[in-house]
Amino acid sequence: MLDLKAVAADFESFERRLARRGEGAVQALAPVKPLAARRRELNVLLEKQKKEQADANARIRELARTDKGAVEGARASLRALGDEVKKTEAELGEVEAELTRLLMLVPNPPHDSVPDGKDEHDNVVVKTWGEQKAYGFTPKPHWEVGEALGVLEWQQAAKLSGSRFTILKGAAARLERAIVSFFIDVHTSRGYTEILPPYLVTGETMTGTGQLPKFEEDLFKTTNEPPMYLIPTAEVPVTNMHRDEIFEASAMPVSYCAFSPCFRAEAGSAGRDTRGIMRQHQFHKVELVKLSKAEESYAEHEKMLDDACEVLRRLGLHHRVSLLCTGDMGFSSAKTYDIEVWCPGQGAYREISSVSNCEDFQARRIRVRYRGENGKPRLAHTLNGSGVAVGRTIVAILEQCQEADGTVVIPEPLRPYMGGLERIAAETFPRGVER
């Protein structure tokens, strides 16, 4: 959430910065201006009324000594003035509540280093690791590879849960567990503390990281009141862990990694990635979260990006990094890198991680701070990134590591987690006859 005082003091500056995101961001900010002006008027009026109250109280004390007959009339005037103060305070409270509601719908202005653009086609590739492998055959997409091996099952998953769900069997299920353990081991070795968070959170927690109120249609929630929400990413509970806390500067940065299932309604994704496991309602991810000093957050952002890329480098998976343009950034982010892994069976680079610096946008909502050099509490900067998506790592392995005979070579770092298994070969599983 934006700082109301800063917005009110220089509305045009925020308007210009948000215009880089598109007209929608400017429109979201527009209603704030007249309400902020009314808030200023009410604060001035309230200050005037309270001074009049103080003067009236002083006059009553003076009359009690000099003219007791006039005291009752003065008290009646004071009561009327008190009613006016209450009326002004009530309107001010309503205005401030509406301003807070409106600011919850305004996205984070982009950092100056973010390129202007409308959508993903305007993103800028900033680095590449590895090369596209040359195959002596036409590589298949992961859904064909997984189906031929018998380790990815969609028909039974649809019977259980509907579309956008998958059952992993045999070596694929083992591969998923291996990837999670490998990712956590790498990140903890690089200074992250492992967290296993709750998967159901409150509406306040979802609001803290920016999913609510704007993106409720993308979330799954329970039917009880008040509802609980299934997390779309471990960023939500982990970032909120330190809500209403103040850190000493010496404790910063605070670095966490967390494995969790993620649940997303995928509203607006009809017709996209309907085959395979790229876009699921339920998937696993290892998330990286940092709380940083404001002046160090962009250095920490680059470190987090490197940490996310490190797991892919160790697995030998060719990938590239793109700096997202203003039109493709997430709501809470000031700057985002996407890590895109090469999928030869699809002939495309596909996102496997987003690494974002949200500056103080989330911290203002959750009120997480640290003591600056002068000892005064200052809002922390929050950073998050996938380290990385587990299902999409399986996609990359099935496509990049496939062989002409249909088997898939398991990257060496994962083999100790899979009992030394070196490749995935076709498996047969028990199955009855549909009736």
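Note: Cβ is positioned from N, Cα and C throughout, glycine not excepted.
Swiss-Prot lists Thr233, Ala234, Glu235, Glu287, Ser386 with the feature L-serine binding site. Residues or ranges marked as ATP binding site by Swiss-Prot: Arg264, Ala265, Glu266, Glu351, Ile352, Ser353, Ser354.
Comparing the binding-site residues Glu266, Glu287, Glu351 by how many other C-beta atoms lie within 10 angstroms of each C-beta, the top residue is Glu287.
For the recorded site, Ser386 (L-serine binding site), the DSSP three-state label reads strand. Using Cα positions, the member of the binding-site residues Thr233, Ala234, Glu235 nearest to Glu351 (ATP binding site) is identified as Thr233.
Taking the centroid of the Cβ atoms of Thr233, Ala234, Glu235, Glu287, Ser386 as the L-serine site, the other same-chain residues with Cβ within 8 Å of it are Val236, Val238, Ala258, Ser260, Cys262, Lys285, Val286, Leu288, Val289, Asn384, Gly385. On a Cα basis, Glu266 (ATP binding site) lies 19 Å away from Glu287 (L-serine binding site). Each residue contributes its Cα atom, and for Arg264 (ATP binding site) and Glu235 (L-serine binding site) these two points are 14 Å apart. Secondary structure at Glu235 (L-serine binding site), taken from DSSP and collapsed to helix, strand or coil, is helix.
Secondary structure at Glu266 (ATP binding site), as computed by DSSP, is coil.
In the three-state DSSP classification, Glu351 (ATP binding site) falls within a strand.
The separation of Ser386 (L-serine binding site) from Ser354 (ATP binding site), Cα to Cα, is 6 Å.
Proximity to Ser353 (ATP binding site), defined by a C-alpha to C-alpha distance within 10 angstroms, is shown by none of the binding-site residues Thr233, Ala234, Glu235.
Within 10 Å of the Cα of Ile352 (ATP binding site), the following binding-site residues from the list Thr233, Ala234, Glu235, Ser386 place their own Cα: Ser386.
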